[in-house]
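Taken straight from TrEMBL:
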- 1-37: region 'Disordered' (REGION)
- 50-92: region 'Disordered' (REGION)
- 50-65: compositional bias 'Polar residues' (COMPBIAS)
- 69-80: compositional bias 'Basic and acidic residues' (COMPBIAS)
- 102-224: domain 'FUZ/MON1/HPS1 first Longin' (DOMAIN)
- 271-370: domain 'FUZ/MON1/HPS1 second Longin' (DOMAIN)
- 404-502: domain 'FUZ/MON1/HPS1 third Longin' (DOMAIN)
């Protein structure tokens, strides 16, 4: 029998709606419950979940959201559907579409389709209509709908100025985590348009078709949300999202300092340059910044997403693109000079300027940085670190802990993540889904707004789970099931000390300035 120090609340099979209410506690919801119940039945039926809500069942409003216990998902992967640019098809009766593990829908407040993760928006008009009607119905009752939970399905709503974003998920993500992902999607849209432009467009024409402005950038949204196990692939990006962090390329501190010096030396006289960011394989090598300015980790993930999802950047020596960093300035663009260093070193350098006419000046800056990096043998240092990272399983001190199967470590002050690789069984999609669901559940428990936990120790028949949150760091780990609790405590202490000893290799403690 499993031994659990903390047990999350068990799932309820009855539909559950979480709404923010402005009514008095004594108000009756009887009329609203019947109406909303019918709409929920309709939307769940459209999503291929006909059995979740009986047509006569009443739904309940709640101001709290229970912590859901993550479940393992081992269903066979379904074929990915045509993207939204494909001709309309009858998605609602297509079993491949109906049983996707996750859907994302974006529409305007007027109900105009903007984006669907799977299928074509035109063929999903009834879905968008139901979503808009449901949101409006609840708003008419002076409430804001937040989420619906029914028989393993999470439907989460995020209402933003002019836009409605909805996630429908059968993954291990909690409602709060899906809301975080919808927030990232919203900021991805803002990074393409800016908030000011979005607001102005809908203030002039509420029925405006936003797809006209987002044409070509749908791939950014799709790539952003398909970093989890719903794609049938293993991907560390999901853990940076869950912990609101970024990953850093592990390398010797002296080598990283040489790279920083090469960038600073060639950027400090450029008055319009705000940030210089060097990345490889979705990991930060270094970032040098103008004094008093910094980039939020969530904005950095948007930068990583832009580079990772834009193969066209590799086809040109230099690229020039506007990019809004929403947490930096949601109303304006920075202008990014984007280029890969050389054919022999596939690190990507992004130089952000406030001047839209800075391309040629930054082209010269990039050229001088590249020359300096080559003279100081930094290319070989970057390549060597990147190769080691691909083979990275556990740090030296971690490999001395045979009972340790996997871990995530995040220093809170710098929001960077150390994630070990995926050994058996986590290198299979079934194993990865289990690991993803495990961490989703642990992270949800320690960050719960209702009852946050500082320490979780859960001994199961096939593994031991640990979550430990202090003022300095967050640690999530999976151990072999035969280890004793006293042994686990010693191993955790050894792991933390080992990370601290090599801290400057795994993390960037502070970002230098020009």
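Using the three backbone atoms N, Cα and C, a Cβ is placed for every residue, glycine included.
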Original post:
Going by DSSP, how much of the domain 'FUZ/MON1/HPS1 first Longin' (102-224) is helix, how much is strand and how much is coil, in residues?
Top reply: 60 helix, 34 strand, 29 coil
Original post:
Can you count helix, strand and coil residues in the domain 'FUZ/MON1/HPS1 second Longin' (271-370) using DSSP?
Top reply: 33 helix, 38 strand, 29 coil
**OP:** Work out, from DSSP, the number of helix, strand and coil residues along the domain 'FUZ/MON1/HPS1 third Longin' (404-502).
**Re:** 35 helix, 30 strand, 34 coil
